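Asker: Let me give you the structure first, and then I'll get to my questions.
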C-alpha cells in the first residue's frame, strides 16, 4: 500500500459519523423476501461500530423485495403503482426485522422515509436534519429508505446510493459506505474481462471513473455508475466514499478498522457550505440557461453571481425561485441555482446589462439572474 493510500484508509478509520447503504441483493433471499440472518449479521457489525463510538446511519433497501415475497410475486413489476404497493407491504416487515436485531444489542432503531420533496424544500430539509441529528444524539440507529409508496418517477432519488449521499451531506458525515455484491470499482467489467483490476483508490471527481461503471442488477436500481455519482455528491460535504462487497465476512467492521478492501474515493475539494450542499443536492431542475464563455469563466474562477448579460439562451418554462441548470454553449453543466426571474422575464433581459432591467421589465427585482448565494458550481 502506498503512503497516500495508507493515509486515506486511516481517514476512514478515524471517521466518527458514517452513512452505510446496503443494497437489496445483500438483504434478501435472491428477491424472495428478507434474509433475516443476513440482516442480523449487518446489525451485529453496526452494533460493534456503535461500541467504538462511531455513529451509524443506515440506508437500507429491501422493502420492495419483501413486499413482493409477501404478495407472492416472482418478478419485479414494472408498473409504478404495483411497486408502490409492494413497498408499502414490505416496509413494515423490513423495519420490524431491524428493530428485533438491534434490540439484541440494547439498541433502538427508527424508520425514516424520505422523498426528494423533503430535501428540496429548505424548511423540510432543515427539519429532517434536526430530526436525524436528534436520533443520532440519542444513540438511535436511523434506518432510512425512500418513501416509494408516495413518490413519483419525476421526483424520486432514483436509487438508494444517491439517497445515501444526500443523507451524508445532510448530516455532514465523515464517510459514506456503499455495500454491494461486487468487490468494488474495476477498470473493466470483471464479468467479461478476466484481466480487470480493482481500483483501490481514486478521486471522487475523476471523470474517468464514470467510463468504467456499469448498470444495476435485476433487484436493485443502482449500478456502479450510480455509486460513482453518489461519491461525487458525498464529496461536496467532505465525505469520503468506500465501495465494497457485502459478501466479504465482517466487511463493515474491517473497513472501519482501515483494512484495504474495495474502492475508496476521496473528495477533491474543501467541503461546501451547508446551503451550497443543499443546492447541489437538488435533482429536479425547471429550466436551462445557456451561458457565453465570459460568464462561464467568471462563474468558475470567481464564484460570482450570474448577470443577464452573460446568458445566450433561456430554455424551459419556470417561475421565480425555481432551480435551473447553467450550461456552456457545448451543453456542459457549469452550475445550478435559484433564479430571480420567471422564464418570460429572463428571455426579455438575457444578454442585456443589469442597468436595463427596469427599462425592459418596468421593475427590477434584482440585478442578478441568480445571486451567488443561491448558486453552486457543479
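In case you wondered, yes, glycine gets a Cβ from its N, Cα and C as well.
Bear in mind that the values here come from a model prediction, so they are computed numbers and not experimental data.
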Asker: Among 127, 160, which is the one Swiss-Prot gives for the substrate site where 61, 148 also bind?
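Answerer: The candidate from 127, 160 that Swiss-Prot ties to substrate along with 61, 148 is 160.
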Asker: Between residue 148 (substrate binding site) and residue 180 (ATP binding site), what C-alpha distance do you get in Å?
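Answerer: Roughly 21 Å, rounded to the nearest whole number.
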Asker: Return the residue, from the listed binding-site residues 148, 181, with the maximum count of other C-beta atoms within 10 angstroms of its C-beta.
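Answerer: When each Cβ's neighbours within 10 Å are tallied, 148 tops the list.
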Asker: Of the binding-site residues listed here (21, 180, 181), which is spatially closest to residue 61 (substrate binding site) when Cα positions are compared?
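Answerer: Closest by Cα: 21.
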Asker: Return the count of C-beta atoms lying within 10 angstroms of the C-beta of residue 160 (substrate binding site), excluding that atom itself.
Answerer: 26
Asker: Cα within 10 Å of residue 160 (substrate binding site) is the criterion; apply it to the binding-site residues 21, 180, 181 and give the hits in sequence order.
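Answerer: Close binding-site residues: 21.
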